[in-house]
Amino acid sequence: MLQTSLTLPAPAKLNLFLHITGRRPDGYHNLQTVFQLLDFGDELTFTPNQSGEITITPAIEGVPLEQNLVYKAANILRSHVNRPELGATIHLTKRLPMGGGIGGGSSDAATTLVGLNYLWQTGVSPTTLAQLGRQLGADVPVFVEGNSAWAEGIGEQLIALDLPQYWYVVLTPACHVSTVEIFSHKDLTRDTLAITVAAFFEKGGKNDCQPLVERLFPQVRDAVDWLNKFGPAKLTGTGASVFAAFPSKDAAQKVFANKPKHLNGFVAQGVNESPLHQRLPEQCITGV
């Protein structure tokens, strides 16, 4: 018997650095990055049924249902288990900006895969769920696996990391940065030398997309310049969001309270285990 409903988090992420080490024959780029999960994000409420219909509320303006990552995630899981009668109503409470570089759509898709696998009782293993997620986007597997992680390849080769749990100020300028546009731009740095995990912990790293994004989007540059007054500011992903780390919640909130009014954002703590995995029963995570 299907559970009536369940509300689950879809946490944000930050890229603590992002090195582009080469371009592959298939057009994708080889990357090195660290995904830092946060204790803030979207929420999804799932109500499973046997109608064969996937309903998403509210509709996202300008995004057809078939292109909605939540819908695509539900559909790909249902197709994988060949259970066309499975359905669900999914209500998305959106807190993360689209096109912000903080993983909103990818995290929503991952929460949908993990949550519906549990509610539909389809018994798909976490490894297979991550593989299904990869078909939806390179960032989806880290949210399925549920740990802050070192990533290589196109971002799908993951090693869980134990990161310092800093507090972060995350600011999002009023612009949309296209990942496709940035990764296809002729001026993007694509030849950064690979580093080791130990080198990251010793010296950190940069975001190879940041100089280009700042040049193309003055709003991002201005946000970086403002946040740099309080700590080293970095772009996450291809933007548009930028962030800086602080040692305490109080320190982060003091900076955030003085942000320019035109910048949206939030304060959140870095976590090593996803809030999604903290919320779910153990058997949902292990596949037992």
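Quick reminder: no glycine exception, Cβ is built from N, Cα and C everywhere.
As annotated by Swiss-Prot, active site applies to LYS13, ASP139. Under the heading ATP binding site, Swiss-Prot lists PRO97, MET98, GLY99, GLY100, GLY101, ILE102, GLY103, GLY104, GLY105, SER106, SER107.
Feature annotations (Swiss-Prot) mapped to structure.
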| residue | record | contacts (Cβ under 8 Å, 6+ apart) |
| --- | --- | --- |
| LYS13 | active site | PHE35, GLN36, LEU37, LEU38, ILE102, GLY103, SER107, ASP139, VAL142, PHE143, THR236 |
| PRO97 | ATP binding site | GLY104, THR172, ALA240, SER241, ASN264 |
| GLY99 | ATP binding site | HIS176, VAL177, SER178, ALA240 |
| GLY101 | ATP binding site | ASN15, VAL177, LEU235, THR236, GLY237, THR238, GLY239, ALA240, SER241 |
| GLY105 | ATP binding site | LEU69, MET98, GLY137 |
Task = Please classify the secondary structure at GLY99 (ATP binding site) using three-state DSSP.
result = coil
Note = Other than PRO97, MET98, GLY99, GLY100, GLY101, ILE102, GLY103, GLY104, GLY105, SER106, SER107, the chain contributes near ATP (Cβ within 8 Å of their centroid) the residues ALA12, LEU96, GLY237, SER241
Remark   = Per DSSP (three-state), GLY105 (ATP binding site) is helix
Remark   = Using a 10 Å radius on the Cβ of ASP139 (active site), the other Cβ atoms enclosed count 28
